Amino acid sequence: MIIQPRVRGFVCVTSHPVGCAAHVQEWIDYVKSKGVIAHGPKKVLVIGASTGYGLASRVTAAFGSGAATIGVFYERPSEEGRLATPGWYNSIGFTRAARAAGLYARNFNGDAFSDDIKKQVLDAIKADLGQVDLVIYSLASPRRTHPRTGTVHKSVLKPVGAPYTNKTVDTDTGIVSEITIEPATETEIADTIAVMGGEDWELWMHALRDANLLAPNAQTVAYSYIGPEVTWPVYKNGTIGLAKNDLERAAQALDALLKPTGGRAFIAVNKALVTQASSAIPVVPLYISILYKIMKARGTHERCIEQMQRLFATHMYNGQTPRFDETGRVRIDDLEMAPEVQAAVREIWPTVTTANLVERTDIAGYRSEFLRLFGFGMPGVDYQADVDPHIPMI
């Protein structure tokens with residue numbers, strides 16, 4: 001079939017298998033162009049491995065350090081009349097490239113929150129790798145069925161305490177408008193922490209340790225975001241921010257767990273980027289469109305893959321210890337949060353309207369990057385060609 005992008009709201013409901021593979025290959029080529037990451041990880045588990053920062057971490061580990069990787073994700077295969085999700089095609093593209101390079105790559109498609117998937121993954125590590133020396137935790141999920149209680153928790157992206165009104169942009173139509181988001185209830189706050197907080201990360205790490213599957217000096221990292229004050233009510237001080245606070249609590253507990261064997265656990269605070277997760281957050285896409293324009297002009301713009309390659313090469317495997325901030329986090333949002341960048345954002349933000357959106361922001365770059373997440377707009381891909389969307393997981 002011939003596959004074209006079809007965007008509904010903040011999601012593209014089609015994805016292109018050849019384009020997704022080309023996008024992954026572009027990331028692989030970037031990592032290889034930066035050279036070998038000396039003393040990098042060799043056996044890596046990536047929980048949330050099919051898109052965004054998780055996929056970029058897997059690519060960096062494999063093609064920067066020659067690591068064997070196990071990827072866990074929850075993606076939908078194609079069925080009659082329906083394409084697979086981009087993460088499905090991404091993971092196949094990655095796995096083909098890794099195996100062609102002689103690297104071990106194994107995939108588990110299922111609910112990472114469940115005991116069943118944890119057991120399957122632990123059995124695979126025991127059988128194939130013996131132990132892992134790096135665990136990446138990069139899940140972004142709208143819901144979690146708690147493995148102990150069976151309760152289904154659903155996360156929400158809302159402010160806490162009071163309604164929040166600010167500008168937002170419909171990235172499809174380019175209309176800039178005001179949006180008011182009502183505050184979360186106590187139940188919604190608790191549910192969001194249950195989904196996006198640190199409990200599941202702890203369950204994974206304790207299961208790995210109890211089964212003796214963590215190598216000496218093993219590291220684990222989870223990803224977070226802080227951002228500028230304009231996004232704080234809906235992010236840092238909102239429901240998702242409270243969940244990220246719980247993730248930081250878990251990082252400290254896991255760091256204490258790993259310290260006796262020379263390991264460490266920490267949070268990396270990443271840059272605002274166009275991802276399937278960030279596109280769903282009100283206000284944030286407009287901020288990203290402004291940020292991209294400023295950072296591209298300064299020559300400091302990074303995508304997921306540049307961020308993760310820099311995290312691995314200059315912090316985690318730099319021959320020394322990572323550089324931590326005052327609360328023990330690694331800050332690879334440093335270029336985004338540079339005072340002069342944020343001053344420029346604050347200057348542009350109040351002036352943006354529907355009429356001047358294209359001139360004042362990089363909405364074109366946002367849209368292009370958004371479509372690339374789904375395999376569209378990749379150079380060298382013939383989008384008029386007939387392609388088979390039904391590809392089994394490998």
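Counting starts with 1 at the first residue shown.
Glycine is treated like the rest: Cβ placed from N, Cα and C.
Feature annotation from Swiss-Prot assigns NAD(+) binding site to 48-53, 74-75, 111-112, 139-140, Lys244, 273-275. Glu75 (site 'Plays an important role in discriminating NADH against NADPH') counts 20 other C-beta atoms within 10 Å of its own C-beta, drawing on all protein chains shown.
Sequence annotations record features per position, and here Swiss-Prot assigns site 'Plays an important role in discriminating NADH against NADPH' to Glu75 based on sequence analysis.
In the three-state DSSP assignment, the secondary structure recorded for Tyr225 (substrate binding site) is coil. Annotation comment: Swiss-Prot describes Tyr225 as substrate binding site, evidence class sequence analysis.
Long-range Cβ neighbours of Tyr235 (active site, proton donor) (same chain, at least 6 residues apart, Cβ-Cβ under 8 Å): Tyr225, Gly227, Gly241, Ile281, Val284. The DSSP secondary structure for Tyr235 (active site, proton donor) is coil. Sequence annotations record features per position, and here Swiss-Prot assigns active site, proton donor to Tyr235 based on sequence analysis.
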Surrounding CB atoms that lie within 10 Å of the CB of Asp111 (NAD(+) binding site), all protein chains: 17
Under 8 Å by Cβ from Leu139 (NAD(+) binding site), same chain, sequence gap 6 or more: Ile47, Gly48, Gly54, Ala112, Met196, Asp200
Integer Å distance between the CA atoms belonging to Glu75 (site 'Plays an important role in discriminating NADH against NADPH') and Gly52 (NAD(+) binding site): 13
In the chain carrying Ser50 (NAD(+) binding site), residues 6 or more apart in sequence that have Cβ under 8 angstroms from it: Gly71, Phe73, Glu75, Pro86, Gly87, Trp88, Asn90, Ser91
Binding-site residues compared (Tyr74, Tyr225) - highest count of Cβ atoms within 10 Å: Tyr225
